[in-house]
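Beneath this line is the structure, given in structure tokens, with notes to follow.
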Amino acid sequence: MQRLLFPPLKALMGSPCLRPLVPRAAPRTQCGCSCGIRRPLRPGQYSTISEVALQSGRGTVSLPSKAAERVVGRWLLVCSGTVAGAVILGGVTRLTESGLSMVDWHLIKEMKPPTSQEEWETEFQKYQQFPEFKILNHDMTLPEFKFIWYMEYSHRMWGRLVGLAYVLPAAYFWRKGWLSRGMKGRVLALCGLVCFQGLLGWYMVKSGLEEKPDSHDIPRVSQYRLAAHLGSALVLYCASLWTSLSLLLPQHKLPETRQLLWLRRCAHGTAGLVFLTALSGAFVAGLDAGLVYNSFPKMGESWIPEDLFTFSPILRNVFENPTMVQFDHRILGITSVTAVTVLYFLSRRIPLPRRTKMAAVTLLALAYTQVGLGISTLLTYVPTPLAATHQSGSLALLSVALWLMSELRRVPK
């Protein structure tokens, strides 16, 4: 029995994770005999792990720093997944024109959906007072209204789930002391950005509920506010995923050569291009610019359409002219896939670890898949399933770009 119990106990007590918790035994004094006498322990010096726990008033021991980093990294990875789900669900909500079905915003009250026929009638009557029903959906039935209402409701409830996924574990980890000083600042910024996202979402919806007597256009939310809402969500997603990968993936000790420096810079620039292309998609969605020229590679009968600069001043065309918005999105997409291709061939000229090579290959495959999805979406007049897949593909591409950046990050000295 002693052979079975004591060796594992010795190995456990000698592990680097628990060694800092057990102070060294006091040195023995020579008394001229074969036995040694331990000196008395000084105040605040403990001989066992249980005494440390009792002295601190807790029955648990803090996790070692590496184990705590892994737990925090996995938490942020899950959080980035919930943000990705919110972005995808928001895109489907926009594609199904459901975003203006809920005409008010309450943090707690709206969590309970209508249950009776009378409650549904009341909700439908509130929707009928706003421009989308009067101009676009004046012949909508109650069952049709229920569909778009539940789409917006699911998006809002998912947003609340995202908030809880950030705030509650953050408070727990903070209290347990599992966050370093630098990580506390990041976590506070991420939680603040989550709260800002909710407010920005309602600010965006309000722009589509306003009466515009001088306009006979289809009621829609402001493309500027939509881009701000999507952009802040992408920043939250990228920051969470980057922090998670930094904590979970061990760094490669790569030789700092000029080729590696160029590869690292190219990876950063490519990730920026992918981000900008995804953000420009918000203007395409906000202006329904995907329905303007449904041909490729030409736009109609020409490479450069004549109505690119219809608005005055010229800068307005970049954000308000559907033709220019689609043209810009095409150019950004082509530039992004070109940058990914260059990045891939640069990576082949440098001896890299297997995981890093896998990231570069995956990025290349996803980039060309995303181009194929975009062209198919355009040629088929933006069907909802295909357009939602295209929007999801932009998140996947951005994720792999961040993965590759994480693989190439510089090892701190």
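Just so you know, glycine gets a Cβ as well, placed from its N, Cα and C.
What TrEMBL annotates here:
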TRANSMEM  75-95  transmembrane segment
TRANSMEM  157-175  transmembrane segment
TRANSMEM  187-205  transmembrane segment
TRANSMEM  225-249  transmembrane segment
TRANSMEM  270-293  transmembrane segment
TRANSMEM  329-346  transmembrane segment
TRANSMEM  358-382  transmembrane segment
TRANSMEM  388-405  transmembrane segment
Note: vs the transmembrane segment (270-293), the recorded stretch with the largest number of Cβ pairs under 8 Å from 187-205, 225-249, 329-346, 358-382, 388-405 is 329-346
So, do the transmembrane segment (75-95) and the transmembrane segment (388-405) meet, by the test of 3 or more Cβ pairs under 8 Å (sequence gap 6 or more)? yes
Cβ contacts the transmembrane segment (225-249)/the transmembrane segment (157-175), at least three under 8 Å, sequence gap 6 or more: no
In the same chain, which residue numbers or ranges, 6 or more beyond the ends of the transmembrane segment (187-205), come under 8 angstroms Cβ to Cβ? 76, 79, 99-100, 102, 105, 156, 159-160, 162-163, 166-167, 170, 173-174, 179, 221-222, 225-226, 228-229, 232-233, 235-236, 239-240, 243
